[in-house]
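A.B. asks: Annotation comment: TrEMBL describes Tyr158 as active site. For Asp199, the entry in TrEMBL reads active site, proton donor/acceptor. If you look up TrEMBL, you'll see His328 marked as active site, proton acceptor. For Asn8, Glu38, Asp199, Asn201, Asp327, His328, the entry in TrEMBL reads Mg(2+) binding site. The feature domain 'GRF-type' is assigned by TrEMBL to 560-608. Residues annotated as site 'Transition state stabilizer' in TrEMBL: Asn201. The site 'Important for catalytic activity' annotation in TrEMBL covers Asp270. According to TrEMBL, the feature site 'Interaction with DNA substrate' maps to His328.
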Amino acid sequence: MVKIVTYNVNGLRPRVAQHGSLRRLLDSLDADIICFQETKLSRQDLSGDVIMAEGYEAFISCNRSSRGRGPYSGVATFCRVTSAFASQEVALPVAAEEGFAGLQGSAKDNEVIGDFVLDMPMDEEDLGEITREELLRVDNEGRCIITDHGHFVLFNIYGPSIGEDDEERIRFKLLFYKILQKRWEFLLALGKRVFVVGDLNIAPSSIDRCDASPGFEKQMFREWLRSMLREHGGPFFDAFRSKHPERTGAYTCFNQKVGAEEYNYGSRIDHILISGACFHDCNSVEDHSIFHCHVADCEIMNHFRRGDSGNISKWKGGRSSKLEGSDHIPVYMILNGIPELPAHNTPPSAARYLPEIRGRQQSIGLNISRDRANESCCSDDLERRSISKEELATGITEFSKGVNQPSPTSKRRNLDHWINEGSSGSSQNSNVTLLAAQGMKTSFSGIKSMSNKKNKHNLSSQPTIKSFFRRPETKPGDANINSLASSVGTVPSSVDTIPKMDELCSPKDDSLQENIQCTASAEDPDNLDISSSLSTDKCNIATLEWQRIQQRMKMTLPLCKGHREPCIPRSVKKGSNIGRLFYVCARAQGPSSNPEANCNHFQWASVKSKGKRQ
């Protein structure tokens, strides 16, 4: 049995963090081949925690395009194997290729599946002449990874999403699928079985979209996808729809901005397409295809839907309401009767061989050895400069008596002399010195002894004992000097350069007086009940005031026409009305037949409100 899963993760790092580790994420899907889309990783972002997992081999494609945005798109295929070498498992591919045009990294090293290389330039209907540069640009967004599993070739696809009025991206998407179609036809002509899985960003029919409009199926990309399916004369079976031809409400993607999961208001754009002959010796292709003979099941993994778990809160309205998890649901297919392969090794294009992964793994050992060397040097330096507890306390006392010193220069000179004197002592008191130094470091943790700019330049340097005795620029509310005295000795009660505690706490304005009274009450057991009562009263007053403000805000919001509930405000993000405020129903989006769902209320804010917002 071979199980294949496709899942748009909407960012691989967030999904890894959600499950605790990459291994847990992969194990939760429980499949032999796992295809992720929209990983949102660049080559510079690659690291072992999101690519390498024990028991899995990874093959990835990252975005190389520079569209003035951060990492987007990206696909990754993870194959569960017991051995990466001399394996007979179907899950481990015999070859892999990044991209779909034969122009990316592995193709340059002659690891091209099916020996497919396009000759440029070429002509394509409705596209005109396509140059090599233009094709490379289309293939640079990290939207395809191809793995050859011996018995079948698997395409992991993340199709482009476009706006209706974006002519450049419409041409991009058309070119993307036209070239992919050529690749599929080329492999099928060679007698290969071809599997296409992923987020194609196309819902082929009205049954695959909630509340589809009357002209929904006439869009050119939906027409193209249907033309690739067997029932419309194409070579592919839509595995899910072929298994469940009449099932409605089966969706895999939900708009995260309108809480579409709550009322199952989605679309089915994540697909598994399959084409080719079965493994039986027969002459009838119609009755003995790979789909009819070997596909046991194909289902949507609804338990991955956001909001289904009792630990995850429901959508509460507004764009600020975030639900944990991807806005897509995984889809799986189970194949039976797939024979094993001859022994083979992991292809050289696997993630384990990428320089970004191998290089960082090598540098870890170097960093550990460097850290050990630094620790050894620091330890030797501390032993050479160790001083006794009494000498340290004496030094602090002398340094604190700044008022008795003739000048800061002579004071610093006396301090340096004292430290140098102490450094000549024996190393037997090194442990005491380290404890004292730690106490001093803790006491001065709230004091900025140097500028942020200097700190940035000295992050990697080891602080010396001298650095703890530099004169701090104290401010009201800074570190408690008495904590230093409790660590290593006593501090004089009168120091000009360092304010006393009563000076630090002396109120400069009325707001500080409140804090002091609260502190005094907390220190006096007799006043505990009084301070607690005052605190509770203030909290109650603040809560009531905030509730009053919220109620007043709700009174100023218009009511939606369907439920007579306060709307939520939004603003236009682009176009001629950019920045203009409008109001919509606050409920989650749902089918028009459901009265509990969003009533589609829309109302422009007044010009006066727009002016206030700006």
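Here the Cβ of each residue, glycine as well, is placed from N, Cα and C on the backbone.
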A.B. asks: Show me the subset of Tyr158, Asp199, Asp270 whose Cα is within 10 Å of Glu38 (Mg(2+) binding site); these are the recorded positions I mean.
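C.D. replies: Hits: Tyr158, Asp199.
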A.B. asks: Pop the Cα-Cα gap between Tyr158 (active site) and Asn201 (Mg(2+) binding site) into the table, whole Å please.
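C.D. replies: Between the alpha carbons of Asn201 (Mg(2+) binding site) and Tyr158 (active site) there are 8 Å.
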A.B. asks: If you skip the near sequence neighbours and keep only those at least six away, which residues in the chain come within under 8 angstroms of the residue listed as 'active site, proton donor/acceptor', Cβ to Cβ?
C.D. replies: Thr6, Asn8, Gln37, Glu38, Ile157, Tyr158, Gly159, Cys253, Ile269, Asp270, His328
A.B. asks: If we count other C-beta atoms within 10 Å, could you say which of the binding-site residues Asn8, Asn201 has the fewest?
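C.D. replies: Across Asn8, Asn201, these binding-site residues, the one with fewest Cβ atoms within 10 Å is Asn201.
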A.B. asks: Which residues, in sequence order, are found in the same chain with Cβ within 8 Å of the centroid defined by the Cβ atoms of Asn8, Glu38, Asp199, Asn201, Asp327, His328 at the Mg(2+) site, excluding those residues themselves?
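C.D. replies: Here the non-site neighbours turn out to be Asn10, Gln37, Tyr158, Cys253, Ile269, Asp270, Ser326.
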A.B. asks: Far apart in sequence but close in space: which same-chain residues, 6 or more away, have a Cβ under 8 Å from Asp327 (Mg(2+) binding site)?
C.D. replies: Asn8, Asn10, Cys253, Phe254, Asn255, Gln256, Arg306
